[in-house]
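To start, the structure under review is shown below, and the notes come after it.
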Amino acid sequence: MRQIIKEVGINRKLFAMLMVGFLFTLLPMQIALSTQSNFDDIYYDSINGHFRYYYTLELTNLESLKLDQLQKAADNAFVSSSVITNEFPVKDPEHGRISITGLLNLKIWSPPLLDGTGIAPDESNGVIVGKIISSHVGKINLLGKAYNIKGIAGRGLSTAYNLRVFMNFDSLPISIIEDIKRENALQLIVRSNQNPKNEISSFTSEISQLAKDVKINTNDDTKAIKQAKKSSGMVKEILSYPYQLLTIALVNCIIVSYLWIYLKRKEMAIRKAIGASHTRLVINIILQLILCAMIATIVSNTILWLAGHFSSGIFASTGYFINTRPDQIGLACIATIAIALITSLVPILHLFRLEPAKALKE
């Protein structure tokens, strides 16, 4: 390793160029990954949570079903799934246009909180509200009914929860219950990280026992939700620029690596002439490039860590989000090795084609 560091020091100008190339390869990639992760979080916040499976249950013919039985039936049937209603957009006299969602169980999901403790499954008048509706816990009136704010919903830079209200299903305002009865229909959304088909079947059976006339139509929305996440044109456009810069920087790294090995061809020729094996020379090249790339990784993560303190302003002005999560740092280290190996291909190919006698005559 000491010899590797010594050789890097001797060729420090070329390695400085390589390191800059590695840096401008890693930085765009890490910024793109951070931005993609942030947009994913914002998207999943817009649909109230990230899960592997999404199903919609459309209940009709509700005349014979007591709505207060739904909460108990859902709580019994769904053990590893989250069940919520569709959003009810309403206009509250005091708070303007807001969206209310009923929670039928709280076993694996509740809205992320900026403040407060959340609501208990058996709490009849507790609510979680977005920070625009209220910035603190306490009393609130919604559609003529008094509630206790138990938490303020929100997360990071996401604005998805700002105008939302979450409460237990049996705590919904009377006006919403009347709308459900008048339309004689209700849409429930089942989300889970395990396939919920068996739990949906159990729920359907329990509802059938309570009210035989109720019809339940089940739709698998998993693929549609994933496709909707991928189809955002704005996200694609924003992320295209870092990847273009990454490609340009990687090409530059390869060009500089060729220049480096070209200038070292006599030294390599001498080593081959005195018996150095190809394997040893290849390892020497790869280790030098990996060392250079690792230094670039440290510099890149330091820059991102410093820039992360201003991530809100950067996101607002450019659309790019910057953070240094442990998983992204780990991925950057793996990418560093991959980039170093790609960059080493040209020097290695040049090494195998190098003829010592010819190189020494030049």
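Cβ from N, Cα, C; glycine included.
Features of the protein shown, as given by TrEMBL:
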DOMAIN    243-356  domain 'ABC3 transporter permease C-terminal'
TRANSMEM  241-261  transmembrane segment
TRANSMEM  281-308  transmembrane segment
TRANSMEM  328-352  transmembrane segment
Reported in the order helix, strand, coil, what are the DSSP residue counts of the domain 'ABC3 transporter permease C-terminal' (243-356)?
98 helix, 0 strand, 16 coil
In this predicted model, what is the average pLDDT of the domain 'ABC3 transporter permease C-terminal' (243-356)?
76
